[in-house]
Amino acid sequence: MKNSVSEQSLYIESDEEDGEKEFNKGQGDGNDSDSSNYSNDNPQQNQPSSYNTSWPQSYRQSIDLYGSVPSPSITFLGTPTLSRLSSSFLSSSLTRRHTPETLSSLAKPLLPTVADEQQPQQRRSSHSLLPPIPSKKPFIKKVSPDQKPSKVSHELPVSRQSSNSQAVLNGINVLCGVGVLSTPYAVKEGGWVGLFILLVFAVLSYYTGILLRYCLDSQPGLETYPDIGQAAFGTVGRFAISIILYVELYACCVEFIILESDNLSSLFPNAHLSLGGFELHSQRLFALMTTLAVLPTVWLRDLSVLSYISAGGVIASVLVVICLFWAGLVDHVGFQSKGSTLNLTTLPVAIGLYGFCYSGHAVFPNIYTSMEKPSQYPAFLLTSFGICTLMYAGVAVMGYMMFGESTQSQFTLNMPQDLVASKIAVWTTVVNPFTKYALTISPVAMSLEELIPSNHLKSHMYAILIRTALVISTLLVALIVPFFGLVMALIGSLLTMLVTLILPCACFLSILREKVTRSQVLVCILIIAVGIISSVFGTYSALSKIIASFGG
């Protein structure tokens, strides 16, 4: 006799709680968080979250896939049914601790309809591009106290736990992206003194990352950034934070299109296409070709393959940095200009560019809740921010010393094309976004797909249409505003300041208002003030320069 999805989910959850209780007895305090002072009387339990029943329900799964560097060791679950679940829902190393909760939350539609009530086994349309959830209830065995907890793994979908080194790789992969290409341009806009802003943002972003952890530990069930927003400001907070995070991801996809068109047109400046009197010059042509190339990747049912390929983003970033240093130190390019000390008129643009460099807070809660030893979270943050800040600062200094006031929004555009190091840097920059575009746009697409109360037969078609429309829209925005550095400064000022500085402090003060010390209140107010001031001036300056660029 077949059971409904909801019955199946409840059955799995209740049995998992029993198994985890026995499992936790043997764990001791090894994985306890050292931020227990900020938690409630009952520590955070491994129980289904009550916060993911509102939109977006797909956030955890999609962000796990977007922000993870998959582990090279993949274990398969015991039963064929659960193996299929492993390949679709546990494809990243950052899967949640409470995997059955994923199944139950995915089974709950955002907008219940009569058809949904009559067909309880029907999947939600938001996951139509993923392998289907089996409707048959898996066999679940009770675990007696004298049995080893590891035996549960053959009967229950157990999430993977990431080590500290794995978490650091995930953090670097999220933080050190295309932002590293624009740090020399940021120095040009702000001057040498502006580099101090990079260090200030690194320290403040590290502190707000710690605040997110305190929020997660404050009460059971908090696992993602939207969960924190809901705990702090209710459903409105969850919606607002989710929309901000999705807009930021969407804007990054626009940046990918601009990045590709800029670098490919620098390699092939004479490329053009004429169609019946309508001519496309190199930049627009390559923007169109890039869109056509990435479009099939967003239709993939299983993005875990791209997740493995995009893990090379860390290697790609390091390789591009090495190429820049090689061109400067070995090939002796540049080093003729001392540069300016401070540019007050364009400093706000530099603020936005430096702020963009630390836009990883959307993923940090997912990383924390997946860590094998949560007590190592501060060390993970410190290591990730330390490595990325050194890379940012090194590239900023080297690039600006090499190219001076002629520095462009991406230092790859300044590198002499006849050098081998330049060719490696440019082609690495060109190839990398092709693997990251689909992973970046998928969270946005899945959140929109949740809003479709359609039946299963039509959901796949709707999902294809939504994803195609999103990709085409990023192309149109990139063609309208083809200014890589200014768009990045706008994202950093308008969105990253909210996600990285303002919202973590606001949520921390709201959730833990009774336990926050006076010094913490003062620090949070100071960070919020810095974030608001930077956001206002940076956004105004970026928009002004974008408007001026249209006129020029």
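Glycine too: its Cβ is placed from the backbone N, Cα and C atoms.
Whatever TrEMBL says is automated annotation, not expert-curated.
What TrEMBL records for 1-11 is compositional bias 'Polar residues'.
What TrEMBL lists as region 'Disordered' is 1-56 (among others).
What TrEMBL lists as compositional bias 'Low complexity' is 33-52.
Per TrEMBL, region 'Disordered' is recorded for 91-159 (among others).
Look at TrEMBL and you will find 143-154 tagged as compositional bias 'Basic and acidic residues'.
Sequence annotations record features per position, and here TrEMBL assigns domain 'Amino acid transporter transmembrane' to 161-542.
What TrEMBL records for 193-216 (among others) is transmembrane segment. Beyond the ends of the transmembrane segment (193-216), by six or more residues, the same chain brings 33, 35, 38, 44, 183, 186-187, 222-223, 225, 227-228, 231-232, 341-343, 347, 350-351, 354-355, 357-358, 361, 364-365, 368-369, 374, 377-378, 381-382, 385, 389, 392-393, 396-397, 500-501, 504-505, 507-508, 511-512, 523-524, 527, 530 to within a C-beta distance below 8 angstroms of the stretch.
The transmembrane segment feature in TrEMBL is assigned to 236-259 (among others). Using a Cβ-Cβ cut-off under 8 Å and counting only residues 6 or more beyond its ends in the same chain, the transmembrane segment (236-259) has close neighbours at 51, 54-56, 59, 66, 177-178, 181, 225-230, 287, 290-291, 294, 359, 362, 410, 429, 433, 436-437, 440-441, 443-444, 447, 470-471, 474-475, 477-478, 481-484, 487-488, 490-491, 495-496, 498-499, 503, 507.
Positions annotated as transmembrane segment by TrEMBL: 305-327 (among others).
The transmembrane segment feature in TrEMBL is assigned to 347-368 (among others).
As annotated by TrEMBL, transmembrane segment applies to 380-404 (among others).
Among the features that TrEMBL reports, transmembrane segment is placed at 460-481 (among others). Taking Cβ pairs closer than 8 Å, the transmembrane segment (460-481) reaches residues 125, 128-129, 250, 253-254, 256-258, 261, 284, 287-288, 291, 294-295, 298-299, 441, 444-445, 448-449, 452, 454, 487, 546 in its own chain, all 6 or more past its ends.
If you look up TrEMBL, you'll see 487-509 (among others) marked as transmembrane segment.
Summarising the annotation, TrEMBL assigns transmembrane segment to 521-543 (among others). For the transmembrane segment (521-543), same-chain residues at least 6 beyond its ends with a Cβ under 8 Å from one of its own Cβ atoms are 200, 204, 207-208, 211, 346, 348-349, 351-352, 355, 486-487, 489-490, 492-494, 497-498, 500-502, 505-506, 508-509.
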Quiz item: By a Cβ-Cβ criterion of under 8 Å, what residues six or more beyond either terminus of the transmembrane segment (380-404) are in contact with it?
Solution: 164, 167-168, 171-172, 175-176, 179-180, 183-188, 192, 195, 198-199, 202, 205-206, 209-210, 317-318, 321, 324-325, 327-328, 333-339, 357-358, 360, 364, 367, 371, 411, 414
Quiz item: So, does the transmembrane segment (487-509) come close enough to the transmembrane segment (347-368) to give 3+ Cβ pairs below 8 Å, pairs being at least 6 apart in sequence?
Solution: yes
Quiz item: By Cβ distance under 8 Å, which residues at least 6 away from the ends of the transmembrane segment (487-509) in the same chain are close to it?
Solution: 178-179, 182, 201, 204-205, 208-209, 211-212, 214-215, 225, 228-229, 231-233, 237, 241, 244-245, 247-248, 251-252, 254-255, 258, 348-359, 361-362, 409, 481, 516, 520-521, 524-525, 527-528, 530-532, 534-535, 537-539, 541-543, 545-546
